[in-house]
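Now, the feature entries from TrEMBL:
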type	residues	note
DNA_BIND	362-381	DNA-binding region
COMPBIAS	1-29	compositional bias 'Basic and acidic residues'
DOMAIN	192-205	domain 'RNA polymerase sigma-70'
DOMAIN	361-387	domain 'RNA polymerase sigma-70'
REGION	1-30	region 'Disordered'
REGION	168-238	region 'Sigma-70 factor domain-2'
REGION	247-323	region 'Sigma-70 factor domain-3'
REGION	336-389	region 'Sigma-70 factor domain-4'
MOTIF	192-195	motif 'Interaction with polymerase core subunit RpoC'
Amino acid sequence: MAKKNENIAEETVKKTTKKAKTEGEAVEKTEEEIAAEIAAKFDEKCKGLLQIAKKKKNVLDYQEIMNYFLDTDFEADKMEKVFEFLENNNVDVKMADDDTDDDEIILDDEDDIDIEKIDLSVPDGVGLEDPVRMYLKEIGKVPLLSAEEEIEYAKRMEQGDEEAKKRLAEANLRLVVSIAKRYVGRGMLFLDLIQEGNLGLIKAVEKFDYRKGYKFSTYATWWIRQAITRAIADQARTIRIPVHMVETINKLVRVSRQLLQELGREPSPEEIAEAMDIPVERVREIQKISQEPVSLETPIGEEEDSHLGDFIQDDNVPVPAEAAASTLLKEQLVEVLGTLTEREQKVLRLRFGMDDGRARTLEEVGREFNVTRERIRQIEAKALRKLRHPSRSRKLKDYLD
């Protein structure tokens, strides 16, 4: 955390140095001292925000965070660092809906990104296909806008100028790429992330009000980030999970990772439930929902010439060897029973449920033949003695195991 804060501090040293020089001040502070003070201040603000979150069961909304940092003079792109700090401390940040009004969103320089310094290179793990290369090359040719030009285009948009709207959006496409890079590897292709971010950019263009006094990039960052995170929650999984459940799953994963570091082993559902202050049954339910489906076509082996489905047994389909043995046993049994009298055959079939799988009692079989249960027992015993004769039993012995 300290290293991140020092990096943040360096971005604002120039402005803060002037503030450190007051009339009558005997000793002028060095840039290192000022940077350390800024880092300490940022660290203190983050810890204070964490205390607020704990009082609200580790849940904050975006506006609360923005309000909390309004009394600071922090600059540059620090909002992602704040979100990362909250995420590492298991704090859920709830975003506003798409129809949120501008007055409900309070922004400051936390969202400020220097578009001129944005790196348009492809992130690690993303294949450099022709569409990606062509897109990055094209948006790199679009000239950027100054703050005055942004205001001018915004005024023209109010008058219904569609070309101004298009120009403002195109000039900030590289901002979308910069934000989309942070979400690579979360279940969506890089180009899909850019596409969703562009939708957020369009939303920002439509709702931008230059009278609020903040840069367009500062305002657009919020909408782009929201569009991408919602798309990941809505589209990244094969089986769709509601957004609110995705947030719950993410929280459980963060708590599990934290417990893993503390305990040195995988935490049990009971330990996770205690840390999250929810019932154990709820933890098991969330874990079950969060399971990712696996394709039966997944390649298996070094040469990947087999698929996972080839090694999964279907319990509803009999094993060929067992099916063949069962067929042969039935044939042999029919042949052996054929050596008995008709009454003996029927008694054994009813007693052992050979025809329908339901074994009858002596009394039930007796009613079938209109005789006593004792008489049925005698017929059964006689028939079994006949089957034990070597001439008959040797045909069935091979199936005993």
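A Cβ is built for glycine as well, from the same backbone N, Cα and C atoms used for every other residue.
Keep in mind that TrEMBL annotations are predicted by a computer and have not been checked by a curator.
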Taking DSSP H, G, I as helix and E, B as strand, the motif 'Interaction with polymerase core subunit RpoC' (192-195) contains 4 helix, 0 strand, 0 coil
Across the domain 'RNA polymerase sigma-70' (192-205), the model's average pLDDT, rounded to a whole number, is 93
Checked against DSSP, the composition of the domain 'RNA polymerase sigma-70' (361-387) is 23 helix, 0 strand, 4 coil
DSSP puts the residues of the region 'Sigma-70 factor domain-3' (247-323) at 43 helix, 4 strand, 30 coil
